[in-house]
Amino acid sequence: MDGCGTYLDTMRREAPLVQCITNFVAMNVVANVLLAAGASPAMVHDAEESGEFAAIAQALTINMGTPSPRWVEGMEAAARGAAAAGRPWVLDPVAVGATAFRRGLGARLLALKPTVIRGNASEILALAGAETRGKGADSADPVAAAEAAAQRLAESSGAVVAVTGPVDFVTDGRRGIRCANGHPLMPRVTALGCSLTGIVGAFAAIRPPFEATAAALAFFGLAGEEAAKTATGPGSFQVAFLDALHALSPEALDRGARLEAA
C-alpha cells in the first residue's frame, strides 16, 4: 500500500474529533497521543450523552479495559449513536476472553457493527470464538495464530480487523496487509495499545477503514521507532513518543512505512 503520508496529512488538516470511551488507566495517555498526532480527543463516556455526542464526533472508539455497568451503558449508547449517524467506530476488546462478563459485553458490542476491531492476537481469537491462551489484557498467542480467525471475524462482522503485535496483520476478509513498524519498548508503556485504537479512529474518520487502519499502524509504529532512538528506557520513551508523533512528517512516513500485502 502506497501513500500513507497522504492519510497522515489529511488527518492533521481535518483534525477529526474522536470520541474515546477508554479505561481509567489509559484516559490521559490516549488524549495526549491524539493531540500530539493532530486529532482532537473527547473523553465522553456517560450514557446520558454518549449517544448524542457520537453523532457530533467524526469517529468513536470503545475500549473494554475497565468496564462497569454504567460505563457499558455508555458504550452501547455511543455505538448505537455512531451507527445512526453513519460515523465510523473502533472496538478494542480488551481481555474479552478473560471473564463471562467481558465475553458477553464483547458479543453485544460486536452485534452493534464496529467499523474496525483492533486487538492483540488473544483478544481477536476470543472475540472470534476460537481457543486462546490470553493472560488478562496481554496476549499469549502470536499474531500469526490469529490471522485465520481475524479473516473469519472480518467476514462475519463486516469490520476491518487489526491484530497487533510485533508484526501487525490487517484484513477486511478479502485483503490482508502486514505492518512491521514498531519497537520492543512500546509494550513496556501502559496504555499505548489503547492509544493506538484512538489513532486508528482518527485515521478512520477521514479514509476508508482498511487503508486507514494500515496507515495508522504504520504511523504509530514508526513514531515508536523514532522515539527509541533517543530513549533510555520506558519513562523517557513515553515522552519521546509523544514528540515523535508530533514531529513525524508525511514524507518521513512514506519513506519509513513497512507494509506488505499478506
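Every residue gets a Cβ built from N, Cα and C, even glycine.
Annotated features in Swiss-Prot:
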type    : residues       : note
BINDING : Met43, Ala191  : substrate binding site
BINDING : Arg118, Thr164 : ATP binding site
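Applying an 8 A CB threshold to same-chain residues 6+ apart, the list for Ala191 (substrate binding site) reads Val25, Ala26, Val29, Val30. Cβ neighbours within 10 Å of Thr164 (ATP binding site), excluding its own Cβ and spanning all shown chains: 27. Annotated pair Met43 (substrate binding site) and Arg118 (ATP binding site), C-alpha to C-alpha distance, rounded: 19 Å.
Within 10 Å of the Cβ of Arg118 (ATP binding site) there are 32 other Cβ atoms, across all protein chains.
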